[in-house]
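Enquirer: Pasting the relevant annotations from TrEMBL:
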- GLY95, ASP96, LEU97, LEU98, ARG117: substrate binding site (BINDING)
- ASP118: Mg(2+) binding site (BINDING)
Amino acid sequence: MAHVVVVNDQGPDEEIVSVLGESGVATVTEAMGRTGLLDPCIRPIYRGARIAGRAVTVLSQAGDNLMIHAAIEQCRPGDVMVVATMSPSTDGMFGDLLGTALKARGVVGLVIDAGCRDVSDLQEMGFPVWSRAVSAMGTVKATAGSVNVPVVVAGAYVRPGDVIVADDDGVVVVPLELAKETAVLAPQRTESEAEKRDRFQNGELSLDVMNLRTTLTSLGVRYVDEQGQVLPDASPR
Ligand SMILES: O=C([O-])CC(=O)C(=O)O
Ligand SMILES: [Mg+2]
């Protein structure tokens, strides 16, 4: 297959990206029916970062970061670079030099299904990376790959222009055609959780707030005393 760099203008509205970023990974995946998550082996190199942005995808030969260099030019402010490799790798294909270049271009973070190095420097400069591994093993710049083609990253299908949301919980991809709808559903979920949180804080039981007693009954779960005698109600004696 020919290797290509696709110049892609497609992407979500800024407002949608910002709502998805505020919602966070757990809420966004729930709003999409528990889909879109990357395998949790992809971890942030430091805690506390929360980003969202348009995906610029890279398909690289393992242990070769030539195409990451080629992809920098295709990035615009607010983007997230997403790197997949053609075979499994934990090599440190990305570090603070590339981080500096991406940051200068306004890229808000990187997701890489391989290794990352210079993690203290990246943390200090505030460039968040989600990677499969931290590894000092260096790479070459010698083999062709592609930029802005659909890729599978840690089990998730990512197309250029999709929205990537990443935080301490992991990474989720929102397909571009679902972004608008998800940006409506996710805040509704956040609001409903806030309501539940208030009620839990006031001492209400989740069994009541979430109507789970009916579920327990329908599943045949019974309250019994220590002798196994069925009790009329659930009150602790
Ligand atoms: O130089 C490389 O290939 C990766 C790296 O360590 C950096 O970007 O700082
Ligand atoms: Mg380095």
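The backbone N, Cα and C atoms fix where each Cβ goes, glycine too.
Whatever TrEMBL says is automated annotation, not expert-curated.
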Enquirer: Rounded to a whole angstrom, what is the largest C-alpha distance between any two of the residues GLY95, ASP96, LEU97, LEU98, ARG117 that the record assigns to substrate?
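Expert: Of all Cα pairs among the recorded substrate binders, the widest measures 11 Å.
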Enquirer: Just name the winner among ASP96, ASP118 (the binding-site residues) by count of other CB atoms within 10 A of its CB.
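Expert: Selected residue: ASP118.
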Enquirer: Please compare the binding-site residues LEU97, LEU98 by how many other CB atoms fall within 10 Å of each one's CB, and tell me which has the fewest.
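Expert: Among the binding-site residues LEU97, LEU98, the lowest count of other Cβ atoms within 10 Å belongs to LEU97.
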Enquirer: Where ligand 2 binds, which of the binding-site residues GLY95, LEU97, LEU98, ASP118 are close by, with Cβ under 6 Å?
Expert: GLY95, LEU97, ASP118
Enquirer: Within its own chain, what residues at least 6 apart in sequence put their Cβ under 8 Å from the Cβ of ARG117 (substrate binding site), listed in sequence order?
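Expert: Once residues fewer than 6 apart are set aside, ARG117 (substrate binding site) is near GLY92, PHE94, GLY95, VAL134, SER135, ALA136, MET137, GLY138.
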Enquirer: In three-state terms from DSSP, label ASP118 (Mg(2+) binding site) for me.
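Expert: In three-state terms, ASP118 (Mg(2+) binding site) counts as coil.
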Enquirer: Any idea what the Cα distance is from LEU98 (substrate binding site) over to the residue listed as 'Mg(2+) binding site', rounded to a whole Å?
Expert: 10
Enquirer: Among all the protein chains here, how many other CB atoms are within 10 A of the CB of GLY95 (substrate binding site)?
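Expert: GLY95 (substrate binding site): 20 neighbouring Cβ atoms within 10 Å.
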